[in-house]
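Have a look at the structure below, then the notes.
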Amino acid sequence: MVDSPEIGIPYLYKGLITWAFFWAFLDAFTIGANDVANAFANAVGAKTISFRTAVSIACVCELVGVIALGSTVTDAVRKKMVKVDWFRHDPYVLALGMSCVNLGSGGWVFVATTLSMPVSTTHSVVGAILGIGIATWGASGVNWGYDGGFGGVVASWFISPILSGVLAAIFYLSTKFLVLKHPDDVAVKRGIALLPVYFFFAFGVVAGFMVMKGIPALKKTPYEVTVPVTFAIGIFFGIFGYLFCVPWTRRAIVDNENLPWYTMFYICSVPVGSMGYNEENNVQDQNKVDLVETGNFNQNMPQPSMYFNQAPMMPGQAPMMVQGAYFGKDEIEDKPQNDSILTSEDAAMHAKAFQAYSKTEEMFKMLQLTTCCFFSISHGANDMANAVAPFATVWMVYSTGTVASKAEVPIWLLVYGGLALDVGLLTMGYYIMDALGNRLTLQSPSRGFCIELGAMFTVMTFSRLGVPVSTTHCISGATTAVGLCNGDVGAVNWKLVGVIFGGWLLTCPCAGIVTGLLYWAIAAAPSPVAGNGFFSGYHG
């Protein structure tokens with residue numbers, strides 16, 4: 001090996017650092033458009049919150065995760081698919097390759113997002129780095145094994161969605177048979193009684209997820225510390241749920257008191273009825289009773305969940321009450337226009353899904369929203385490195401002229417990536433929220449809560465074991481499995497499942513081919529001879 005004369009000389013190739021700066025924005029932008037939307041897609045689909053509210057919360061949570069909890073040191077080559085030491089003789093070649101990684105990875109995720117395919121941005125970066133390694137050294141330049149190599153990535157395509165699906169299905173089926181399937185009054189009482197248990201599991205899993213996956217600085221904390229801390233946090237919030245959430249839920253949801261969410265923290269000091277009652281809910285409940293008593297509505301009939309005034313009717317069929325039809329009708333304007341009306345296929349799929357009493361579902365909203373927020377914070381802290389790590393490597397080479405196994409991540413770069421991520425979510429996030437929302441299967445607060453819980457538990461477990469898994473794959477697998485818990489395969493959009501799985505299979509090769517060809521074309525291109533006036537503004 002022959003050392004390049006450029007070793008140790010900083011601030012060369014200003015065009016390269018400018019090029020890399022813009023493509024890092026693209027990569028972070030597409031992560032926001034595709035990956036971030038995973039966290040809140042179920043909450044939007046279940047009408048727990050509106051699209052605008054989800055985007056607003058996600059923007060804040062992601063920035064908090066990126067800036068406050070994000071890693072300030074990252075691997076020079078993410079996931080170590082290619083040995084960084086092989087580039088030590090030509091550091092600026094590594095910088096060129098990492099800039100192409102941002103372009104190839106971001107370009108593929110952008111295309112996948114416009115096609116409504118939730119793909120793994122982590123695997124997109126891995127595929128792009130594979131393309132760099134193969135273009136530079138051939139097949140021998142890539143770690144193909146299972147231990148930290150590409151083989152482990154391929155295995156995770158199948159392991160992570162299956163496991164997260166199994167866990168989410170267990171969570172949902174236990175909730176379904178313990179609470180949701182009982183008569184309305186019994187279901188509400190059981191749901192309220194089990195709220196402390198749900199708080200224990202939800203916040204326990206969230207705490208473990210943040211410690212083992214979400215906060216990079218705590219990933220290597222020993223089990224002797226993480227396990228007791230996780231259980232202690234779960235027990236604390238279980239007690240909190242019993243003391244504050246149970247009485248608030250009984251009054252706000254069962255008795256229809258008009259209590260803002262923040263009154264939960266001092267609910268014991270709020271006089272009964274002092275803030276009035278929600279008359280709209282009382283009217284809707286009375287309308288339902290009237291319909292049942294007159295025989296025009298069958299409670300046991302599976303009811304499709306759709307937007308206001310979108311009930312399907314067969315020729316000659318009398319108008320029927322659509323469960324949840326009025327729920328969230330004031331928020332229709334918050335959603336993109338292309339998602340304002342369900343297709344006939346979606347309506348038929350939703351009609352085959354199990355429907356629970358609306359007040360029982362209301363109790364799961366807070367739990368669902370909590371898991372979504374922590375999922376989003378964790379994503380900002382952990383997965384943002386997919387975009388900033390390649391550019392951090394470029395900056396390391398540009399500022400030092402050398403190659404190291406670890407690259408420092410300046411705080412301005414974390415802020416830059418976080419802002420780009422938020423822009424992507426604001427402008428294109430609805431594509432994935434639409435795909436993973438009610439288009440894949442019918443969503444509800446209880447379903448969304450179980451989906452997030454199963455996905456977080458899977459990511460937490462495998463991250464601790466060192467197995468590479470994708471949060472996107474886990475969310476998609478959990479959503480599909482919960483859809484199957486309806487007891488009817490028709491309650492899942494299998495065409496969309498096929499599109500999503502196809503996107504997983506295409507991500508690594510597509511990102512790798514595009515990045516490898518682009519890098520090869522630039523790195524092996526003719527270089528102007530110094531003194532001939534190229535790029536200097538002067539020609540003698």
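A Cβ is built for glycine as well, from the same backbone N, Cα and C atoms used for every other residue.
Among the features that TrEMBL reports, transmembrane segment is placed at 53-72, 92-113, 125-146, 158-180, 192-213, 225-245, 411-433, 496-522.
Using a Cβ-Cβ cut-off under 8 Å and counting only residues 6 or more beyond its ends in the same chain, the transmembrane segment (158-180) has close neighbours at 187, 190-191, 194, 354, 356-357, 360, 446-447, 449-451, 453-455, 457-459, 461-462, 467, 469-470, 473-482, 484-485. Sequence-distant contacts of the transmembrane segment (225-245), counting only residues of its own chain at least 6 positions beyond either end whose CB sits under 8 Å from a CB of the stretch, comprise 195-205, 207-208, 211-212, 218, 264-265, 267, 366. Tertiary neighbourhood of the transmembrane segment (125-146): same-chain residues 27, 77-83, 86, 93, 97-98, 100-101, 104-105, 108, 152-153, 155, 386, 389-390, 468, 507-517, 519-520, 523, selected by CB-CB distance under 8 Å and a gap of 6+ residues from either end. Simply put, out of 53-72, 92-113, 192-213, 411-433, 92-113 has the most Cβ pairs sitting under 8 Å from the transmembrane segment (496-522). The stretch from 53-72, 192-213, 411-433 with the most CB pairs below 8 A to the transmembrane segment (92-113) is 411-433.
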